[in-house]
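Chemist: Feature list, courtesy of Swiss-Prot:
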TRANSMEM  34-54  transmembrane segment
TRANSMEM  78-99  transmembrane segment
BINDING   H84, H183  heme b b562 binding site
BINDING   H98, H197  heme b b566 binding site
TRANSMEM  114-134  transmembrane segment
TRANSMEM  179-199  transmembrane segment
BINDING   H202  ubiquinone binding site
TRANSMEM  227-247  transmembrane segment
TRANSMEM  289-309  transmembrane segment
TRANSMEM  321-341  transmembrane segment
TRANSMEM  348-368  transmembrane segment
Amino acid sequence: MATNIRKTHPLFKIINNSLIDLPTPANISIWWNFGSLLGMCLIIQILTGLFLAMHYTADISSAFSSVAHICRDVNYGWLIRNIHANGASMFFICVYLHIARGLYYGSYLNKETWNIGVVILLLLMVTAFVGYVLPWGQMSFWGATVITNLLSALPYIGDTLVQWIWGGFSIDNATLTRFFTFHFLFPFVTAALTMIHLLFLHETGSNNPTGLTSNTDKIPFHPYFTYKDLVGFFILLFLLTLLALFTPNLLNDAENFIPANPLLTPPHIKPEWYFLFAYAILRSIPNKLGGVLALVFSILILLLVPILHTSKQRSLTFRPITQILFWLLVTNTIILTWIGGQPVEQPFITIGQIASITYFSFFLILFPIAGWWENKMLNL
(Lines of atoms letter the chains of each structure in order from A and count residues from 1; the text may use other names and numbers.)
(Lines give C-alpha, C1' and ligand atoms only; values in the text may rest on other atoms or scores of the structure.)
Protein backbone atom coordinates (compact mmCIF):
# COMPACT_ATOMS: atom_id res chain seq x y z
CA MET A 1 0.00 0.00 0.00
CA ALA A 2 1.36 3.46 -0.94
CA THR A 3 2.26 5.61 2.06
CA ASN A 4 0.65 9.00 2.33
CA ILE A 5 3.02 11.88 1.47
CA ARG A 6 1.83 13.89 4.48
CA LYS A 7 3.22 11.17 6.75
CA THR A 8 6.60 10.79 5.00
CA HIS A 9 7.63 14.22 3.63
CA PRO A 10 9.94 15.96 6.18
CA LEU A 11 7.96 19.24 6.16
CA PHE A 12 4.44 17.86 5.70
CA LYS A 13 5.14 15.38 8.51
CA ILE A 14 5.60 18.25 11.00
CA ILE A 15 2.38 19.94 9.81
CA ASN A 16 0.56 16.59 9.90
CA ASN A 17 1.64 15.84 13.47
CA SER A 18 0.69 19.35 14.60
CA LEU A 19 -2.61 19.99 12.80
CA ILE A 20 -4.01 16.83 11.20
CA ASP A 21 -3.21 13.56 13.00
CA LEU A 22 -2.53 15.24 16.36
CA PRO A 23 -4.13 13.10 19.11
CA THR A 24 -6.52 15.46 20.89
CA PRO A 25 -8.68 14.86 24.00
CA ALA A 26 -12.24 14.14 22.84
CA ASN A 27 -13.83 16.25 25.57
CA ILE A 28 -12.10 19.64 25.12
CA SER A 29 -14.65 22.46 25.07
CA ILE A 30 -14.95 25.74 23.16
CA TRP A 31 -12.43 27.27 25.62
CA TRP A 32 -9.70 25.33 23.78
CA ASN A 33 -10.58 27.27 20.61
CA PHE A 34 -8.71 30.42 21.64
CA GLY A 35 -5.22 29.14 20.79
CA SER A 36 -6.12 28.81 17.11
CA LEU A 37 -8.07 32.10 17.25
CA LEU A 38 -4.92 33.82 18.52
CA GLY A 39 -2.99 32.33 15.61
CA MET A 40 -5.57 33.79 13.23
CA CYS A 41 -5.44 37.18 15.01
CA LEU A 42 -1.65 37.23 14.66
CA ILE A 43 -1.87 36.49 10.93
CA ILE A 44 -4.53 39.21 10.45
CA GLN A 45 -2.40 41.73 12.38
CA ILE A 46 0.78 40.90 10.44
CA LEU A 47 -0.98 41.14 7.04
CA THR A 48 -2.89 44.37 7.76
CA GLY A 49 0.22 45.81 9.44
CA LEU A 50 2.32 44.99 6.39
CA PHE A 51 -0.04 46.93 4.10
CA LEU A 52 -0.19 49.85 6.55
CA ALA A 53 3.63 49.94 6.73
CA MET A 54 3.75 50.38 2.93
CA HIS A 55 2.02 53.76 3.27
CA TYR A 56 3.05 54.90 6.76
CA THR A 57 5.86 57.44 7.32
CA ALA A 58 7.86 57.10 10.55
CA ASP A 59 8.63 60.81 10.90
CA ILE A 60 7.13 63.17 13.48
CA SER A 61 6.33 65.82 10.86
CA SER A 62 4.32 63.46 8.67
CA ALA A 63 3.30 60.38 10.77
CA PHE A 64 -0.12 61.79 11.72
CA SER A 65 -0.74 62.97 8.14
CA SER A 66 0.33 59.61 6.70
CA VAL A 67 -2.30 57.82 8.83
CA ALA A 68 -4.93 60.31 7.60
CA HIS A 69 -3.66 59.72 4.04
CA ILE A 70 -4.05 55.94 4.48
CA CYS A 71 -7.66 56.41 5.63
CA ARG A 72 -8.58 58.95 2.93
CA ASP A 73 -6.55 58.20 -0.20
CA VAL A 74 -5.33 54.59 -0.15
CA ASN A 75 -7.70 52.01 -1.66
CA TYR A 76 -9.51 50.42 1.31
CA GLY A 77 -6.90 52.03 3.58
CA TRP A 78 -9.66 52.98 6.05
CA LEU A 79 -10.69 49.31 6.23
CA ILE A 80 -7.14 48.01 6.69
CA ARG A 81 -6.47 50.58 9.43
CA ASN A 82 -9.78 49.86 11.21
CA ILE A 83 -9.19 46.10 11.08
CA HIS A 84 -5.64 46.54 12.41
CA ALA A 85 -6.67 48.87 15.26
CA ASN A 86 -9.70 46.82 16.31
CA GLY A 87 -7.89 43.55 15.58
CA ALA A 88 -5.55 44.45 18.45
CA SER A 89 -8.57 44.64 20.78
CA MET A 90 -9.89 41.28 19.58
CA PHE A 91 -6.37 39.86 19.98
CA PHE A 92 -6.21 40.90 23.64
CA ILE A 93 -9.76 39.68 24.35
CA CYS A 94 -8.68 36.26 23.05
CA VAL A 95 -5.38 36.44 24.99
CA TYR A 96 -7.14 37.16 28.30
CA LEU A 97 -9.74 34.44 27.70
CA HIS A 98 -6.93 32.00 26.77
CA ILE A 99 -5.07 32.82 30.02
CA ALA A 100 -8.31 32.57 32.04
CA ARG A 101 -8.91 29.12 30.52
CA GLY A 102 -5.37 28.11 31.54
CA LEU A 103 -5.94 29.32 35.10
CA TYR A 104 -9.36 27.66 35.43
CA TYR A 105 -8.43 24.24 34.05
CA GLY A 106 -4.91 24.04 35.49
CA SER A 107 -3.15 24.14 32.10
CA TYR A 108 -0.36 26.06 33.85
CA LEU A 109 0.95 22.72 35.17
CA ASN A 110 2.46 22.26 31.69
CA LYS A 111 5.17 24.59 33.00
CA GLU A 112 7.24 25.09 29.83
CA THR A 113 4.16 25.88 27.72
CA TRP A 114 2.84 28.26 30.41
CA ASN A 115 6.15 30.09 30.88
CA ILE A 116 6.70 30.68 27.17
CA GLY A 117 3.07 31.87 27.06
CA VAL A 118 3.86 34.53 29.69
CA VAL A 119 6.87 35.63 27.60
CA ILE A 120 4.57 35.89 24.54
CA LEU A 121 2.13 38.00 26.61
CA LEU A 122 4.90 40.42 27.65
CA LEU A 123 6.10 40.71 24.05
CA LEU A 124 2.52 41.33 22.86
CA MET A 125 2.10 44.10 25.42
CA VAL A 126 5.33 45.80 24.30
CA THR A 127 4.30 45.42 20.64
CA ALA A 128 0.86 46.96 21.28
CA PHE A 129 2.41 49.80 23.29
CA VAL A 130 4.95 50.82 20.61
CA GLY A 131 2.22 50.46 17.97
CA TYR A 132 -0.05 52.86 19.85
CA VAL A 133 2.67 55.53 19.57
CA LEU A 134 2.88 55.36 15.76
CA PRO A 135 -0.16 57.52 14.74
CA TRP A 136 1.56 60.36 16.69
CA GLY A 137 -1.65 61.74 18.16
CA GLN A 138 -1.88 63.37 21.60
CA MET A 139 -2.47 60.13 23.49
CA SER A 140 0.28 58.40 21.46
CA PHE A 141 2.82 61.05 22.47
CA TRP A 142 1.80 61.46 26.10
CA GLY A 143 1.24 57.74 26.64
CA ALA A 144 4.78 57.10 25.36
CA THR A 145 6.13 59.90 27.58
CA VAL A 146 4.46 58.59 30.74
CA ILE A 147 5.24 54.89 30.24
CA THR A 148 8.86 55.27 29.08
CA ASN A 149 9.43 57.76 31.91
CA LEU A 150 8.58 55.01 34.41
CA LEU A 151 11.95 53.42 33.68
CA SER A 152 13.64 56.46 35.23
CA ALA A 153 12.47 55.06 38.59
CA LEU A 154 15.09 52.31 38.32
CA PRO A 155 17.97 53.08 40.67
CA TYR A 156 21.29 54.23 39.19
CA ILE A 157 20.64 53.29 35.52
CA GLY A 158 17.10 54.73 35.19
CA ASP A 159 17.79 58.16 33.64
CA THR A 160 20.43 56.83 31.26
CA LEU A 161 18.11 53.99 30.21
CA VAL A 162 15.24 56.38 29.42
CA GLN A 163 17.49 58.64 27.31
CA TRP A 164 18.84 55.56 25.55
CA ILE A 165 15.29 54.40 24.67
CA TRP A 166 14.25 57.92 23.60
CA GLY A 167 17.38 58.42 21.51
CA GLY A 168 17.74 61.91 23.00
CA PHE A 169 16.59 64.07 25.89
CA SER A 170 12.90 63.86 25.03
CA ILE A 171 10.51 61.85 22.88
CA ASP A 172 11.39 62.89 19.35
CA ASN A 173 11.90 61.63 15.81
CA ALA A 174 14.48 59.03 16.90
CA THR A 175 11.92 57.56 19.33
CA LEU A 176 9.21 57.27 16.69
CA THR A 177 11.60 55.65 14.18
CA ARG A 178 12.80 52.99 16.63
CA PHE A 179 9.26 52.32 17.89
CA PHE A 180 8.18 51.70 14.28
CA THR A 181 11.14 49.33 13.85
CA PHE A 182 10.19 47.41 17.01
CA HIS A 183 6.51 47.32 16.05
CA PHE A 184 7.43 45.82 12.68
CA LEU A 185 9.87 43.27 14.12
CA PHE A 186 8.14 41.97 17.27
CA PRO A 187 5.12 40.25 15.62
CA PHE A 188 7.55 37.98 13.76
CA VAL A 189 9.36 37.22 17.03
CA THR A 190 5.92 36.51 18.53
CA ALA A 191 5.21 34.09 15.66
CA ALA A 192 8.51 32.29 16.37
CA LEU A 193 7.71 32.07 20.11
CA THR A 194 4.25 30.73 19.21
CA MET A 195 5.95 27.85 17.37
CA ILE A 196 7.98 27.10 20.53
CA HIS A 197 4.75 27.39 22.59
CA LEU A 198 3.16 24.73 20.34
CA LEU A 199 6.30 22.59 20.42
CA PHE A 200 6.15 22.42 24.22
CA LEU A 201 2.38 21.85 24.16
CA HIS A 202 2.70 18.87 21.81
CA GLU A 203 5.35 17.34 24.08
CA THR A 204 2.70 16.82 26.78
CA GLY A 205 -0.52 17.00 24.76
CA SER A 206 -3.51 19.21 25.53
CA ASN A 207 -5.13 19.37 28.95
CA ASN A 208 -8.92 18.81 29.15
CA PRO A 209 -11.81 20.16 31.29
CA THR A 210 -11.65 17.32 33.83
CA GLY A 211 -7.92 17.79 34.47
CA LEU A 212 -7.53 13.99 34.28
CA THR A 213 -5.33 12.12 31.81
CA SER A 214 -7.01 11.70 28.43
CA ASN A 215 -4.62 9.15 26.90
CA THR A 216 -7.41 6.55 26.77
CA ASP A 217 -9.78 8.83 24.86
CA LYS A 218 -8.14 10.78 22.04
CA ILE A 219 -9.30 11.60 18.53
CA PRO A 220 -7.47 13.11 15.53
CA PHE A 221 -7.43 16.91 15.36
CA HIS A 222 -8.70 16.82 11.76
CA PRO A 223 -11.59 16.78 10.92
CA TYR A 224 -13.13 17.10 14.40
CA PHE A 225 -11.38 20.17 15.76
CA THR A 226 -10.51 21.84 12.46
CA TYR A 227 -14.25 22.29 11.84
CA LYS A 228 -14.93 23.14 15.47
CA ASP A 229 -12.23 25.85 15.28
CA LEU A 230 -13.69 27.16 12.00
CA VAL A 231 -16.90 28.04 13.87
CA GLY A 232 -14.80 30.17 16.24
CA PHE A 233 -12.99 31.76 13.27
CA PHE A 234 -16.27 32.84 11.69
CA ILE A 235 -17.62 34.25 14.97
CA LEU A 236 -14.40 36.20 15.59
CA LEU A 237 -14.28 37.52 12.01
CA PHE A 238 -17.95 38.51 12.26
CA LEU A 239 -17.35 40.44 15.51
CA LEU A 240 -14.18 42.07 14.13
CA THR A 241 -15.97 43.09 10.92
CA LEU A 242 -18.89 44.44 12.95
CA LEU A 243 -16.49 46.51 15.06
CA ALA A 244 -14.35 47.73 12.13
CA LEU A 245 -17.29 48.69 9.90
CA PHE A 246 -19.93 50.03 12.28
CA THR A 247 -18.13 51.42 15.34
CA PRO A 248 -14.44 51.64 14.33
CA ASN A 249 -13.63 54.29 16.96
CA LEU A 250 -15.58 52.74 19.85
CA LEU A 251 -12.40 51.59 21.62
CA ASN A 252 -10.17 54.49 20.50
CA ASP A 253 -9.39 57.57 22.56
CA ALA A 254 -10.79 60.75 21.00
CA GLU A 255 -7.62 62.55 22.14
CA ASN A 256 -5.65 60.64 19.49
CA PHE A 257 -7.45 62.52 16.70
CA ILE A 258 -5.44 65.57 17.76
CA PRO A 259 -1.84 65.71 16.41
CA ALA A 260 0.86 65.30 19.09
CA ASN A 261 1.66 68.55 20.90
CA PRO A 262 4.48 68.49 23.49
CA LEU A 263 3.20 71.82 24.93
CA LEU A 264 -0.34 70.64 25.69
CA THR A 265 -1.03 67.79 28.13
CA PRO A 266 -4.35 65.90 27.75
CA PRO A 267 -6.63 66.04 30.83
CA HIS A 268 -6.48 62.25 31.36
CA ILE A 269 -3.53 60.24 30.08
CA LYS A 270 -4.49 56.58 29.77
CA PRO A 271 -3.47 53.59 27.63
CA GLU A 272 -5.73 51.42 25.47
CA TRP A 273 -8.47 49.55 27.38
CA TYR A 274 -6.55 46.25 27.44
CA PHE A 275 -3.79 47.76 29.62
CA LEU A 276 -6.07 49.61 32.03
CA PHE A 277 -6.01 46.90 34.74
CA ALA A 278 -2.19 47.07 34.92
CA TYR A 279 -2.30 50.89 34.69
CA ALA A 280 -4.70 50.99 37.67
CA ILE A 281 -2.27 48.85 39.71
CA LEU A 282 0.58 51.20 38.71
CA ARG A 283 -1.38 54.30 39.80
CA SER A 284 -2.61 52.81 43.06
CA ILE A 285 0.89 52.90 44.59
CA PRO A 286 2.05 56.41 45.59
CA ASN A 287 5.76 55.55 45.16
CA LYS A 288 7.12 55.64 41.58
CA LEU A 289 9.46 52.63 41.81
CA GLY A 290 6.84 50.70 43.82
CA GLY A 291 4.27 51.39 41.12
CA VAL A 292 6.61 50.19 38.36
CA LEU A 293 7.38 46.98 40.28
CA ALA A 294 3.65 46.37 40.91
CA LEU A 295 2.97 46.92 37.19
CA VAL A 296 5.62 44.39 36.16
CA PHE A 297 4.60 41.85 38.82
CA SER A 298 0.92 42.11 37.84
CA ILE A 299 1.97 40.11 34.75
CA LEU A 300 4.99 38.19 36.09
CA ILE A 301 2.85 36.81 38.94
CA LEU A 302 1.49 34.36 36.35
CA LEU A 303 4.90 32.64 36.49
CA LEU A 304 4.28 31.84 40.17
CA VAL A 305 0.90 30.15 39.58
CA PRO A 306 2.35 26.64 38.88
CA ILE A 307 4.63 26.91 41.95
CA LEU A 308 1.75 27.99 44.23
CA HIS A 309 -0.59 25.19 43.09
CA THR A 310 -1.48 23.26 46.26
CA SER A 311 -4.51 21.21 45.21
CA LYS A 312 -4.41 17.49 44.48
CA GLN A 313 -6.73 18.17 41.56
CA ARG A 314 -5.61 19.94 38.42
CA SER A 315 -8.80 21.60 37.18
CA LEU A 316 -11.36 23.75 39.01
CA THR A 317 -14.21 21.65 37.56
CA PHE A 318 -14.68 19.79 40.87
CA ARG A 319 -13.41 22.54 43.23
CA PRO A 320 -16.31 24.88 44.15
CA ILE A 321 -14.38 27.06 46.65
CA THR A 322 -11.57 27.90 44.21
CA GLN A 323 -14.20 28.38 41.49
CA ILE A 324 -15.78 31.18 43.53
CA LEU A 325 -12.33 32.73 44.06
CA PHE A 326 -11.58 32.48 40.33
CA TRP A 327 -14.74 34.40 39.38
CA LEU A 328 -13.98 36.96 42.09
CA LEU A 329 -10.54 37.41 40.47
CA VAL A 330 -12.22 37.96 37.08
CA THR A 331 -14.56 40.55 38.66
CA ASN A 332 -11.60 42.17 40.41
CA THR A 333 -9.71 42.50 37.10
CA ILE A 334 -12.79 44.09 35.47
CA ILE A 335 -12.99 46.58 38.38
CA LEU A 336 -9.28 47.40 37.89
CA THR A 337 -9.93 47.96 34.16
CA TRP A 338 -12.74 50.39 35.01
CA ILE A 339 -10.60 52.22 37.61
CA GLY A 340 -7.71 52.56 35.14
CA GLY A 341 -9.93 54.66 32.89
CA GLN A 342 -11.13 56.97 35.69
CA PRO A 343 -9.47 60.23 36.83
CA VAL A 344 -7.12 60.10 39.85
CA GLU A 345 -9.57 61.26 42.54
CA GLN A 346 -11.66 59.78 45.33
CA PRO A 347 -13.34 57.31 45.52
CA PHE A 348 -11.45 55.83 42.54
CA ILE A 349 -8.06 55.99 44.31
CA THR A 350 -9.26 53.91 47.27
CA ILE A 351 -11.18 51.43 45.09
CA GLY A 352 -8.06 51.00 42.92
CA GLN A 353 -5.85 50.38 45.96
CA ILE A 354 -8.25 47.79 47.42
CA ALA A 355 -8.62 46.07 44.02
CA SER A 356 -4.82 46.01 43.56
CA ILE A 357 -4.25 44.41 46.97
CA THR A 358 -6.96 41.79 46.34
CA TYR A 359 -5.55 41.07 42.83
CA PHE A 360 -2.20 39.98 44.30
CA SER A 361 -3.89 38.32 47.31
CA PHE A 362 -5.83 35.93 45.04
CA PHE A 363 -2.63 34.58 43.47
CA LEU A 364 -0.31 34.64 46.50
CA ILE A 365 -2.64 33.78 49.41
CA LEU A 366 -6.24 32.84 48.59
CA PHE A 367 -5.76 30.26 45.78
CA PRO A 368 -3.04 28.28 47.67
CA ILE A 369 -5.11 28.30 50.90
CA ALA A 370 -8.30 27.24 49.06
CA GLY A 371 -6.41 24.37 47.39
CA TRP A 372 -5.05 23.20 50.73
CA TRP A 373 -8.50 23.48 52.35
CA GLU A 374 -10.15 21.47 49.56
CA ASN A 375 -7.50 18.75 50.00
CA LYS A 376 -8.40 18.60 53.71
CA MET A 377 -12.11 18.32 52.91
CA LEU A 378 -11.44 15.46 50.46
CA ASN A 379 -9.89 13.52 53.35
CA LEU A 380 -12.93 13.93 55.65
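Using N, Cα and C of the backbone, Cβ positions are placed for all residues, glycine too.
Because the structure is a prediction, the values reported are computed rather than measured.
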Chemist: When the number of other CB atoms within 10 A of each residue's CB is tallied over all shown chains, which of the binding-site residues H84, H202 has the maximum?
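Modeler: Top count of Cβ atoms within 10 Å goes to H84.
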Chemist: To see if you understand the setup: which same-chain residues, six or more apart in sequence, place their Cβ under 8 Å from that of H197 (heme b b566 binding site)?
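Modeler: Listed in sequence order, they are T113, I116, G117, I120.
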Chemist: For the binding-site residues H98, H183, which one has the sparsest Cβ surroundings, going by other Cβ atoms within 10 Å?
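Modeler: Selected from the binding-site residues H98, H183 on minimum Cβ neighbours within 10 Å: H98.
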Chemist: Rounded to the nearest Å, what's the C-alpha distance separating H98 (heme b b566 binding site) and the residue listed as 'ubiquinone binding site'? Just drop the number here, would you?
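Modeler: That comes out at 17 Å between the alpha carbons.
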Chemist: Taking contact to mean 3 or more CB pairs closer than 8 A (sequence separation of 6 or more), are the transmembrane segment (114-134) and the transmembrane segment (289-309) in contact?
Modeler: yes
Chemist: Taking 34-54, 227-247, 289-309, 321-341, 348-368 as candidates, which has the most Cβ pairs under 8 Å with the transmembrane segment (179-199)?
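Modeler: Most contacts with the transmembrane segment (179-199): 34-54.
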Chemist: Can you tell me how far the Cα of H202 (ubiquinone binding site) sits from the Cα of H183 (heme b b562 binding site), in Å?
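Modeler: Just about 29 Å between their Cα atoms.
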Chemist: Report, as numbers and ranges, which residues of the same chain sit near the transmembrane segment (34-54): CB under 8 Å and 6 or more residues beyond its ends.
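Modeler: Sequence-remote neighbours of the transmembrane segment (34-54) are 70, 80-81, 83-84, 87-88, 90-91, 94-95, 97-98, 101, 183-184, 187-188, 190-191, 194, 229, 232-233, 236, 240.
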Chemist: Hey, does DSSP put H197 (heme b b566 binding site) in a helix, a strand, or just coil?
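Modeler: For H197 (heme b b566 binding site) - judged by DSSP and reduced to three states - the answer is helix.
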